[in-house]
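Taken straight from TrEMBL:
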- ALA23, VAL24, ASN28, SER252, ASN284, LEU403, SER407: Na(+) binding site (BINDING)
- 12-30: transmembrane segment (TRANSMEM)
- 42-61: transmembrane segment (TRANSMEM)
- 81-105: transmembrane segment (TRANSMEM)
- 172-190: transmembrane segment (TRANSMEM)
- 202-229: transmembrane segment (TRANSMEM)
- 241-266: transmembrane segment (TRANSMEM)
- 278-301: transmembrane segment (TRANSMEM)
- 394-416: transmembrane segment (TRANSMEM)
- 445-468: transmembrane segment (TRANSMEM)
- 489-511: transmembrane segment (TRANSMEM)
- 535-561: transmembrane segment (TRANSMEM)
Amino acid sequence: MEKEARPSWDNPLQFVLACVSYAVGLGNVWRFPYLCQMHGGGGFLIPYFIMLILEGIPLFYLELAIGQKMRLGSIGAWTAISPYLGGVGLASVVTSLYLCLYYNVINAWSFWYLFHSFQSVLPWADCPINSNRTGFLEECETATSTQYFFYRQTLDISSSIEENGGIHTGQALCLLLAWGITYMFIVRGVKSTGKVVYFTSTFPYVVLFIYLIRGVTLHGAINGVIYMFTPKMEQLANPTTWINAATQIFFSLGLGFGTLIAFASYNQYNNNFERQAIVVSLINSGTSIFASIVTFAIYGFKATVNYENCLERTRLLLLNTFSLAEDSITVDSLSGWIDRLNTTYPEQFAELANKLEDCNLETELDTAVEGTGLAFIVYSEAIKNMPLSQLWSVLYFFMLLLLGMGSMLGNVTAIITPLRDFKLVSNMSNELLNGNYWFTMFNDYGANFSLLFIVLIEVISVSYIYGIKRFEKDIEDMLGYRPNWYWKITWVLISPLLLITLFIVYIVNYIQGGTPTYQAWNKELGRSVVTEYPVFAQVFIGLLLVSSVSCVPLTALYVYCRQRKDGGLHRSQPTVSTLSTQ
């Protein structure tokens, strides 16, 4: 294969924007704020940045170096390093395929919410009227209007994974639209993707900035921002805090999918990927913090509204129960009146014990939500209470859609690039996935375990199989200088140890966790309840965990058997000589 025949980015900026568009995704908006909330607010930033320096940037650099040197996708690049390692690239392709199957489902949800935002009244602002037109639907009143719209109208969710909910026509069309747009974005390969990333990588920042201005001006937003930046340093002694910080860095940068190798393979041979690795990693982490400030401002607004509504419900309950004048009890004097009435009318007050709510702002702020619960329920609830709610809804879900599409471009590229290298495909075939419970299964088990394994094999292979000295020479050949001691010590020692630790912790937690569970929607209770996966689902989870990881040993076994059959490996393979020839 001639290097000159390979298409390339028009300029280095396109490559950087493609990496930013891919790395900065939904996890920055809906997982990082959750982890901050769970692990001590601003205190979480300490382990987060330590893990960024020790794990994130070095591994990001490593994958870019491999892709740019080889000018091949993941399968071809790792096969060139050693035919026995071709399974590493294949495992990356399988994992990216799993991610694509469910990631576009999120984009379909974003389309659904975006289309429903163009209404005079947002459909999740109020509960639907019942069939008798005598009041609201009981299931919706038991839950909330935002929960009902997401679970029952967006997903049309069944009561369990064992119950077939049928096809949601609207969602199927949105999913088809999401795949159609993805195809148009990548149909001409890097040439079309390079143009698209100018928009998908920059416009979300415009929306985030607008939301930041709006968010900090909302009533009670300062409560959320203060909560975020108030560190709980005792969380630093919690091992889970450090593990989650390392995991967040690892997955946020998109390591192990083969996307970074694929993107870098379209670079010019002497492109300065070292500087770009640092810049993209810092942009990604900075975006997480930026998005968290916006999210916690929204949190503060939502928590303050819920807290004040709780106080108002309590005030009305006391007024009606004790037949008091309307203006006798105010929100500010509520606590004093509760003590006074409890002392004066103990028996009557005791009857209210089950009706009185415990109104606490700190408790509202402590309620941690991640994933779809944050993106489609918490934000929707906050948006419906804003003036000009339709405008903020359109902006938010359009931003969410761009973040999702940007990540999809990267993952589809990770699949197509190595297949095109071997001329196995000339275009892309689309797959559809529906069903929230199956989405959850892919989300929880389709990538986490395999990515840890893949990147662990990557860094060990480069450092100890290919050899760190040879890798240094390859980098010098491209950049004109060798990597300094920081890069080498992280590749050889620190990153492998961190990855081994994460890998062991994941296995231990999975074993100790017992039977895998999921959140099933209960119509009577109007909320999700923890439910164990049935046997067939547990078998499927096992297949998800094993399918991609098994590519590594099975490919190595295949190469070994072929070697035995052929009487020895052919050392003159053209791909091997491309890695370090100068």
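Yeah, the Cβs are placed from backbone N, Cα and C, and that goes for glycine too.
Projection of TrEMBL feature records onto the structure.
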residue	record	CB count, 10 Å
ALA23	Na(+) binding site	27
VAL24	Na(+) binding site	29
ASN28	Na(+) binding site	25
SER252	Na(+) binding site	23
ASN284	Na(+) binding site	24
LEU403	Na(+) binding site	30
SER407	Na(+) binding site	27
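Proximity of the transmembrane segment (394-416) to the transmembrane segment (535-561) is not established, fewer than 3 Cβ-Cβ distances being under 8 Å for residue pairs spaced 6 or more apart. Listed stretches 12-30, 202-229, 278-301, 489-511 were compared with the transmembrane segment (241-266); the greatest number of C-beta pairs under 8 angstroms is found for 12-30. For the transmembrane segment (445-468), the partner stretch with the highest count of Cβ pairs under 8 angstroms, out of 12-30, 81-105, 278-301, 489-511, is 81-105. The record gives ALA23, VAL24, ASN28, SER252, ASN284, LEU403, SER407 for Na(+). Within 8 Å of the mean position of their Cβ atoms, the other Cβ atoms in that chain belong to VAL20, TYR22, GLY25, LEU26, GLY27, GLY254, THR287, SER288, GLY406. As a quick check, the transmembrane segment (278-301) and the transmembrane segment (535-561) miss the bar of 3 or more Cβ pairs under 8 A, pairs 6 or more apart, so the two do not touch.
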